[in-house]
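Encoded as structure tokens, the structure appears first; notes follow it.
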Amino acid sequence: MVAWTSFRPHNVMLLATFLDLKCSLPVGLGLSETKITSHGFDGAKEGVVEAGQFPSKGSSASPKSSVISPSSAAASRLAGQGCDLIIPTGGRAQQKSGPVVLADEVKNPAMEKLELVRKWSLNTYKCTRQIISEKLGRGSRTVDLELEAQIDILRDNKKKYENILRLAQTLSTQLFQMVHTQRQLGDAFADLSLKSLELHEEFGYNADTQKLLAKNGETLLGAINFFIASVNTLVNKTIEDTLLTVKQYESARIEYDAYRTDLEELNLGPRDANTLPKIEQSQQLFQVHKEKYDKMRNDVSIKLKFLEENKVKVLHNQLVLFHNAIAAYFAGNQKQLEQTLKQFHIKLKTPGADAPSWLEEQ
């Protein structure tokens, strides 16, 4: 039976130093070749462990020794490794190893946000420098002549279509006021035809004429409003969506030229151990922005093609509608005016009729 006894904290310090010494001994040096000297735990030095080979018989050389002072770090290190120490009365220490868990490194969200801000600031600086260089005539820019010409034509056409849209809206407002006046005038003539017996027929003719003009005006107003709605959709939705893609393409072009210029400047400089990593990193960033630029250029080309086809189809139908409706109205051809609206499936709202329910609009 081996008797187990409790020990004081000084013993733990000595044991921790003893185990550290065992791990730090050079290869070939055993514990039997070391000597441990204790000067008392109540003195200035708690304990000294002298490691070194004892001199052999007949040797006068003094042994080289290393002095290791016990510290609380060793005991803390043992405790932190999850080791349980069992001290028998014989003084031999046994180490019972427990499981060791390595915690994963926790990512810091603040550092990630800081890195994103740093990349954004660097990209903004490069793009701003590229824009200023282009405006001052010092920097070069990538130009696709065919695509740039199509974009310029689109922007010019958008301005012209917006002008047509404003004029058509003005015409619609003025026609609405005229139709409203004609309707009121027709009601006034009809009232006088009933109260003036001597002018009953004359007032009656004018009342019928004004009411017919008001009716035809409402039909023409429906055609003009349909024309305005279609052109407005074309200008402010379809064309605007294409121009938004064009803006993204231009931003990608600026980034591409900025990183291209940066790479060219690095390639013109010296190539050494310090610059080669920078050149390689710049080459990778340049390739990323080149792929983005090529993708946006392809997207713009496709959208311009579909926009042109849609624009021709929409404007062809709307211009035919506008022409036939105006011509039939001023020619006084009521049947042709109504036929024009039927041809384009335009339904007029009856004055005073209730608005359709949401089920009818679906």
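Using the three backbone atoms N, Cα and C, a Cβ is placed for every residue, glycine included.
What you are looking at is a predicted structure, and each value in this text was computed from that prediction instead of being measured.
The signal peptide annotation in TrEMBL covers 1-30.
Per TrEMBL, domain 'AH' is recorded for 142-342.
What TrEMBL records for 144-171 (among others) is coiled coil.
Averaged across the coiled coil (279-310), pLDDT for the predicted model comes to 92. If you look up TrEMBL, you'll see 279-310 (among others) marked as coiled coil.
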Tertiary contacts of the coiled coil (144-171), defined by C-beta under 8 angstroms and 6+ residue spacing from its ends, are 224, 227-228, 231-232, 234-235, 239, 242-243, 246, 297, 300-301, 304, 307
